[in-house]
Amino acid sequence: MIRANNEPFSNFNSKLRFRTKSSKQYDILPKHVKDTAFKYENNSKGIRSPAGPHHFLLCIVISVVVYTVLAILEKSLPEPVTISNEHNHPDRFVAERARNHLVELTSMGPRPVGSKENEILAVQLLLDDIKTIIKQADSAHKVEWDLQRVSGAFSLQFLDGMTNVYRNVQNIVVKIGPIQTSRHSLLINCHFDSVVDSPGASDDGASCAIMLELLRVISRLKIPLKNNIIFLFNGAEENMMQASHGFITQHQWASSIRAFINMEACGAGGKEILFQVGPNHPWLLEAYSDAVPYPLASSMAQEIFQSGIIPGDTDYRIFRDFGRVSGLDFAWSANGYVYHTKSDTVDKIPLGTFQRTGDNMLPLILKLVNSVQISDVEKYSTGNLVFFDFLGIFIVHWSEVLSDIINISVIIISLLVILYNASHTHVTGFNVKDYFKSCCKCSSLIVLIWLATLVTIAVLSLTVVMLDRCLSWFAQPAWLLFLYITPTILVPMVLLVLFGRKFLWGKKGTHYPQSLMYCISRDGNQLLYIMILMLCVLLRIRSGFAVALFVTCNTISIVLHNTILKNNYGYKVLWLHWGCMLVPFMLSAYMIQAALLLVVPIMGRSGSGNHAESVMSLITSAMFTLVFSFYNPLVLLLQKAYTVFSSLAVVLLVSFLVLVFTPLGFPYSGDPNNLAPQRFMIAHVERSFYSYNGSLRDHQNGLWIVNLDVNSPHSVVRHAPELLNARQITQDECDKELYCGLPYFIPVITFIWKTHWLDTKPLDVEIPLSLNLTYRDYRLNNVQRLSFSAIGPDHITFTLSLYDGIKLKDWSFSSGEPLKGPLWNGRPTYFVYYSCANDIIPWDFWIDIEVPKTHVGPQIEVGLSGHRMHGPHQYTPELKKLFNQLPQWTTTTGWASAYKSYTL
């Protein structure tokens, strides 16, 4: 209990509310303190009338309504232009024609690199459409096309790190420009290949279909372009961006590129977001701001994506890092449930999505290609911008220098307002120093409250895991509100009321009024955010604009309170503050909604070992903790705060009961109108392990089940009972064998390490896979060159680890120092991915290793994987049988693989 003159408060309500407007509320205090406090509460015409709890609950309800309205508006799309009414819209992008292109492209099925569908059928289809467009082009334009077949290699610091080797991947390149040749070009990029088993409608066939329609519209314009536009339809992006690398490093037109637009997708439909721009070259964002009718962009999204928190990458990286070109990166992010699945079909993409993207890209392309800047990009290359769109209506942007000026100004003004508050407390014996000291203490308390809130959320998420109710929010994100957002609102308010008073004690035996406690809590929170904003300025974090907006609006609320309401601390203060904070709340809710649209589906494919329930709960709680932190002090003005607490507690309790005792929390959905399937990635593998003397030491056949979420594979054992016999790959196996002795085709072992193995019959059709050491050449300085020849399918991975004392000096894959991966038993590993799109021949390569003269015995461990990812033998009978047993709320990806391990 908080004590005044060592006497306890009479009951819990004395902590939460004022009992009356008279001095009776201070009866427990010493007379001199009582007189001071009562005078403070009644020293103005605006006598304080405590706010009823219904005001605060109504604020919460309205906030939920505002969030819901924003979520609905986020789905709004423009009216599409169709072929039948295009005569009413000359020079407009026609969404229906773009969709028709996509229907043709996806009708041939999945298009992984090396497949007939990707290397022959898709190429021929795109070339036929391009040739038709060229024939109908206006004479004001010069249009050329080229089919590039290219080979190369590069290191890629993505995921666990890899070296990417490719042979004969294909690019279709179209250049349109003025009759008088220009030396400057704008690149527009998409990719027409897809992942295994997916028709790739959104990723990324739709972008290619949109580009075809953009090419058609631009080629028919009567006004010539000032510079060139190069349309790149690349045929190997899903192989870790191989085709774009081949183009930007080797194509004859690549040297003319001054800027680029990359079009991607991590979801089907919705609105394309500009989530990367630059580096530098602020004119690119300015052009976007001026040109597009439906903006959606954020420098915060760019900082988050480039931090690596979201596991993904695009051709933007290749053009930026290997072409040294700046550009804009766009992606659809809605409905990420169908991304890289069989359900990524044309019908999942609204026609309005085509129209919106086309209406944005067409004016943007014309703005950029005809700009002065593209002819002299170095002149306009300096600086980055802080930018964000406001509810999709307009873009706000300013330079980093102006951002610093704004942020520092906000800091100074906010501190002056707090200083004013400190000097006008009207409480005897409580000076400016005491006020600031209490504010600092309160800032510390708020940080502790944040930590306590996150700990509470972590405990709740672990409880959900223990109750086997994980991922309830996956198909129904509203569960996040009931399970994690509700306690995020509840816990800080309860802790602030319970412990806030302790930070208001001045001299021993002194108690100060609750209204002063509110002011200090409010200003302490403001002071904390001022420090966060200072940190953003010092660390050059452009996302600080969101913090600055909150601090600014809170400052406005404080000033209006001081000037209009003065000492009134009733319900009017609550509504004034809520109104002032409406703009930052709407903006933050808008950004949080976009973040959840992206992150929730990702949690269904992030791996079962990554604790998706805890991660998602903490991400959600952290976002809403920062937002509601500015509202928490208002609870100190409530007459019956316990009513608010009990209401939220009931919501939380009922939610848990419903989750546990009803099927409403089932995490997946097979409803075509609300797809949220559980993903299963399973390879039928034959693996062989060879000893140092060349003898076969182990041989196994089985289904390798890659657990993409925490419920795999036990969620489907009722439908596929044989999965009860699947055993988890143990740490001992991973310690014994390089990459656990498994055929990883991308380097994700640190992300997706929890997998299962089910013994089966051998593959029905053997995969030819072998690695031969063709020559060992002893060179100077104890260096040995080991030459290899690998034979296998068109997708091969090669993993390497050296014994202690052995050093990898060089290899033939790529120039520069070989890129290391994660350590294995304290030794570095190396991961090489190889694909051959056409004309498969043996893969010949060499490595140089330095071997100490005293070394005896094996030198290297090698793993070779071959993946049959397309064709008639992609699925084995065992895979087909298992997949046919799985329920409709699942989606599957499968292929056959061979793995061989060698000790040399």
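Yeah, the Cβs are placed from backbone N, Cα and C, and that goes for glycine too.
What TrEMBL lists as domain 'Peptidase M28' is 171-364.
Annotated domain 'Endoplasmic reticulum metallopeptidase 1/1-A TM' per TrEMBL: 440-658, in sequence order.
Annotation source TrEMBL lists domain 'Endoplasmic reticulum metallopeptidase 1-like C-terminal' at 676-902.
As annotated by TrEMBL, transmembrane segment applies to 55-73 (among others). Counting only same-chain residues 6+ beyond the ends of the transmembrane segment (55-73), those with a CB under 8 A from a CB of the stretch are 391-392, 481, 489, 571, 574-575, 578, 582, 585-586, 589-590, 593, 631, 634-635, 638, 643-644, 647.
Marked as transmembrane segment by TrEMBL: 405-423 (among others). Within the same chain, residues 398, 432, 435-436, 439, 519, 523, 526-527, 530, 533-534, 536-537, 544, 548, 551-552, 554-555, 558-559, 562 sit at least 6 positions outside the transmembrane segment (405-423) and bring their C-beta atoms closer than 8 Å to a C-beta of that stretch.
Sequence annotations record features per position, and here TrEMBL assigns transmembrane segment to 444-467 (among others).
Feature annotation from TrEMBL assigns transmembrane segment to 479-499 (among others).
Annotation source TrEMBL lists transmembrane segment at 527-560 (among others).
What TrEMBL lists as transmembrane segment is 575-603 (among others).
What TrEMBL lists as transmembrane segment is 615-638 (among others).
Among the features that TrEMBL reports, transmembrane segment is placed at 644-666 (among others).
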**Message:** Using a Cβ cut-off under 8 Å, which residues of the same chain at least 6 positions beyond either end of the transmembrane segment (644-666) come close to it?
**Reply:** 53, 56-57, 464, 467, 469, 472, 475-476, 479, 482-483, 486-487, 489-490, 493-494, 635, 638
**Message:** Applying the under-8 angstroms CB criterion, which one of 444-467, 527-560, 575-603, 615-638 scores highest with the transmembrane segment (479-499)?
**Reply:** 615-638
**Prompt:** Which bits of the chain, at least 6 residues beyond where the transmembrane segment (527-560) starts or stops, bring a Cβ under 8 A of a Cβ in it?
**Reply:** 299-300, 302-304, 384, 386, 388, 400, 403-404, 406-408, 410-411, 413-415, 417-418, 421, 439-440, 442-443, 446-447, 576-577, 580-581, 583-584, 587-588, 591, 629-630
**Asked** List, by number or range, the same-chain residues at least 6 past the transmembrane segment (575-603) whose CB is under 8 A from its CB atoms?
**Response** 55, 59, 62-63, 66-67, 70-71, 74, 266-267, 270, 273, 298, 300-301, 310-311, 333-337, 339, 388, 390-391, 471, 473-474, 477, 480, 546, 549-550, 553-554, 556-557, 560-561, 564-565, 612, 615-616, 619-620, 623-624, 626-627, 630-631, 634, 676, 709
**Asked** By a Cβ-Cβ criterion of under 8 Å, what residues six or more beyond either terminus of the transmembrane segment (615-638) are in contact with it?
**Response** 16-17, 50-53, 55-56, 59, 446, 450, 453-454, 457-458, 460-461, 464, 473, 480, 483-485, 487-489, 492-493, 496-497, 500, 514-515, 517-518, 521-522, 525, 529, 550, 554, 569-570, 573-574, 577-578, 581, 584-585, 588-589, 592, 595-596, 599-600, 603, 606, 644
